[in-house]
Amino acid sequence: MDRAVSQVALENDEREAKNTWRLIFRIAILFLTVVTLAISVASLLYSMGASTPSDLVGIPTRISRAEEKITSTLGSNQDVVDRIYKQVALESPLALLKTETTIMNAITSLSYQINGAANNSGWGAPIHDPDYIGGIGKELIVDDASDVTSFYPSAFQEHLNFIPAPTTGSGCTRIPSFDMSATHYCYTHNVILSGCRDHSHSYQYLALGVLRTSATGRVFFSTLRSINLDDTQNRKSCSVSATPLGCDMLCSKVTETEEEDYNSAVPTRMAHGRLGFDGQYHEKDLDVTTLFGDWVANYPGVGGGSFIDSRVWFSVYGGLKPNSPSDTVQEGKYVIYKRYNDTCPDEQDYQIRMAKSSYKPGRFGGKRIQQAILSIKVSTSLGEDPVLTVPPNTVTLMGAEGRILTVGTSHFLYQRGSSYFSPALLYPMTVSNKTATLHSPYTFNAFTRPGSIPCQASARCPNPCVTGVYTDPYPLIFYRNHTLRGVFGTMLDGVQARLNPASAVFDSTSRSRITRVSSSSTKAAYTTSTCFKVVKTNKTYCLSIAEISNTLFGEFRIVPLLVEILKDDGVREARSG
């Protein structure tokens, strides 16, 4: 019995001893863990300089300051990022598109010529020097900020005269027409042998050429093909256009005076001709009885045409047959354009009555003088698919000479100020399905033309007139959104008489310093202007082809006046030598 109790007691002592050692072990482990943790914390505090609770209070402030610095840095770089985006996403693709357009135009022209060569119908293609690639038919000055009139023409520059002049005192060269494409230019004028007022016989000079740059860097126009159309056909009022097949020309054929033509009952004969790259001229009469069935007189606008969407577009004008469908649809329609800051004082009802009567001047027997646009498909067949567009007289003034221009992707119609409105007009034009639509015009108040009273240069009220002179403006300065800002042109700076030719840059209300041809008493007549850029030097030039009085050899001499467009804020006046 005692032995059994002793055995139990021994086992209990052993169990208690084991538990005691387990407790000691656990306490030792816990102590070592705490010591290790304390040492680790101490090491961390020492090595990292860890903040105390008081230090942690300032952390949000430091974070805010760092955030402000980062924001400031990003903000200063935003302008750079924006410029990079504009260059990469906007300007570079646009520049590539312009280059692509130029290349495609050249390829189109070459393809026409290759086909012509295959058919033994043409020679090789003339093309401007590489210095001009991308500088013809483009928006030459794109500037949102500068004053338009801070751009101005230099004195006239000496260059090669590519226009033949009269060789006798009775000779007469008149009515120049000019157009230039990305590959070549076209020029024509009328030649009369016995004085400028002879309507019975004349011949037409027609030339094709290219822009060259001389070894010294001068611009010159090089004529490569030309022809004198001296036959039994009396071509008048011719307009020319540079197309992929050469120089397309639209002319009327007349044997009577203008007044007699308007008093006739049938439309005027009209022909579509072409000077090809091989120097050969071909021509085809249009079916005017169908095309101009409602007209008693019809003439090209004299100014150059334009090649758009595989068609050549010309401005035309003339007289409508009374009570014909085309005449009836215009009945009661009119438009009144107003001078800048110079309102007509007449009563509104009287102004409307005068505006309506301005379309039927007495000089042409009371016929409605109408503006129109003729487009013809450009192909190896002449006169193909002609389409006539007659715009409403709620947009256009009385019909007059004009010009179709293409600059960049924009098209315009210039209308001569033959009616009461003296400032130069450029109607924006859109084309679709072979027809054209005209929109409210840009007006250039300081770009006036002389005229007979009551439609002189300073006129401000509607009146029936047939006056003025052809002096077209060329679109030169644009906003970045392609809106037109300013034009270049050579005006006749007289009130009533055709005197004082002067070149300038014009905005809607004013003009730059001017470059005069000579004295204020110099007689002149028609002027037509075209601008281009020498891309290599980034210099912009403008050519004004002007009829200048010539007392020794003929009444007029047609002179190609060349200027460079300069820029500053001066107001001096330049004069040619």
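Using the three backbone atoms N, Cα and C, a Cβ is placed for every residue, glycine included.
Which of 12-17, 72-77, 234-239, 258-263 counts as region 'Involved in neuraminidase activity' depends on Swiss-Prot, and there it is 234-239. Here the candidates are CYS186, CYS196, CYS461, CYS465, and Swiss-Prot names CYS461 as the disulfide partner of CYS344. Out of CYS465, CYS531, the record in Swiss-Prot bonds CYS542 through a disulfide to CYS531.
When the candidates CYS172, CYS247, CYS251 are compared with Swiss-Prot, only one is recorded as disulfide-bonded to CYS186, and it is CYS247. Range 124-152 is the one annotated as region 'Important for interaction with fusion/F protein', of 95-123, 124-152, 472-500 (source: Swiss-Prot). Swiss-Prot lists a disulfide bond between CYS196 and one candidate from CYS172, CYS251; that candidate is CYS172. Residue density at CYS196 (disulfide bond): 18 other Cβ atoms are found within 10 A of its Cβ, drawing on all protein chains shown.
Nearest to ASN341 (N-linked glycosylation site) in space, judged by Cα atoms and limited to the recorded positions CYS238, ASN433, CYS455, ASN481, ASN538, is CYS455. Closest to CYS238 (disulfide bond) in space, going by CA atoms and restricting to the recorded positions CYS172, ASN433, ASN538, is CYS172. Closest to CYS196 (disulfide bond) in space, going by CA atoms and restricting to the recorded positions CYS186, CYS251, CYS344, ASN538, is CYS251. Residue density at CYS172 (disulfide bond): 24 other Cβ atoms are found within 10 A of its Cβ, drawing on all protein chains shown.
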